[in-house]
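Participant: Sharing a structure below in structure tokens format, with a few things to ask.
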Amino acid sequence: MSSTELSEKDLAYLREAIKVSQQARDEGQHPFGCIIVDENDNVIMSAGNRVPDGDVTQHAETRAVGLITKTRRDLEKCTLYTSTEPCAMCSGAIFWSGIRRMIFGLSNENLIKLTQKSGECPPLYINSRDILGAASHPIEVVGPYIEDEAIIPHKGFWDGGR
């Protein structure tokens, strides 16, 4: 758990990312979701996972970053909220986007416990804090938070109960 206390606003945005992950699951996708919020508290991007559509790079975070950077490059003051700790690929996308703050719900460690038997979501045994901690510019990594809520879209999914 992070030592940083989340504000009610941050918790509300994190819950919105978790809702996006549930929407992805409801659409037959893997249950991951994220939103990007600007410095004026506007949700400027929302994206769920699209990997089952055939493109393994279409994780929620890479989709959101890819879509927003087509129209906006000034993301330093934005926060990315994600239902689950980003993988190495998504952490790289966050770094390259210039986003300087990321908050996540479910930890990579707890995700691995859920997914390891399915073979659909092979784990990388490295967390986003280690990856983003090596960045050339500071990126605040906050989480895990409200894991009891963030895990709900995953319950039963990885053991075939979609």
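Heads up, the Cβ atoms here are built off N, Cα and C, so glycines get one too.
Reproduced below are the annotations present in Swiss-Prot:
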type: DOMAIN; residues: 8-132; note: domain 'CMP/dCMP-type deaminase'
type: BINDING; residues: HIS59, CYS87, CYS90; note: Zn(2+) binding site
type: ACT_SITE; residues: GLU61; note: active site, proton donor
type: BINDING; residues: ASP159; note: substrate binding site
Participant: Among the recorded positions listed here (GLU61, ASP159), identify the one with the smallest other-Cβ count within 10 Å.
Facilitator: ASP159
Participant: So, in DSSP terms, is CYS87 (Zn(2+) binding site) helix, strand, or coil?
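Facilitator: DSSP call for CYS87 (Zn(2+) binding site): coil, neither helix nor strand.
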Participant: Could you give the Cα-Cα distance between CYS90 (Zn(2+) binding site) and the residue listed as 'substrate binding site', in whole Å?
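Facilitator: So the Cα of the residue listed as 'substrate binding site' lies 24 Å away from that of CYS90 (Zn(2+) binding site).
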Participant: Within the domain 'CMP/dCMP-type deaminase' (8-132), how many residues are helix, strand or coil going by DSSP?
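Facilitator: Helix, strand, coil within the domain 'CMP/dCMP-type deaminase' (8-132): 54 helix, 23 strand, 48 coil.
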Participant: Please list, in sequence order, every residue of the chain apart from HIS59, CYS87, CYS90 whose Cβ lies within 8 Å of the Cβ centroid of the Zn(2+) site.
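Facilitator: The surrounding set, listed in chain order, is PHE32, ALA60, GLU61, THR62, PRO86, ALA88, MET89, SER91, ALA93.
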Participant: Pop the Cα-Cα gap between HIS59 (Zn(2+) binding site) and the residue listed as 'substrate binding site' into the table, whole Å please.
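Facilitator: Roughly 20 Å, rounded to the nearest whole number.
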Participant: Which has the fewest other Cβ atoms within 10 Å: CYS87, CYS90, the binding-site residues listed?
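Facilitator: Least crowded of the binding-site residues CYS87, CYS90, by Cβ count within 10 Å, is CYS87.
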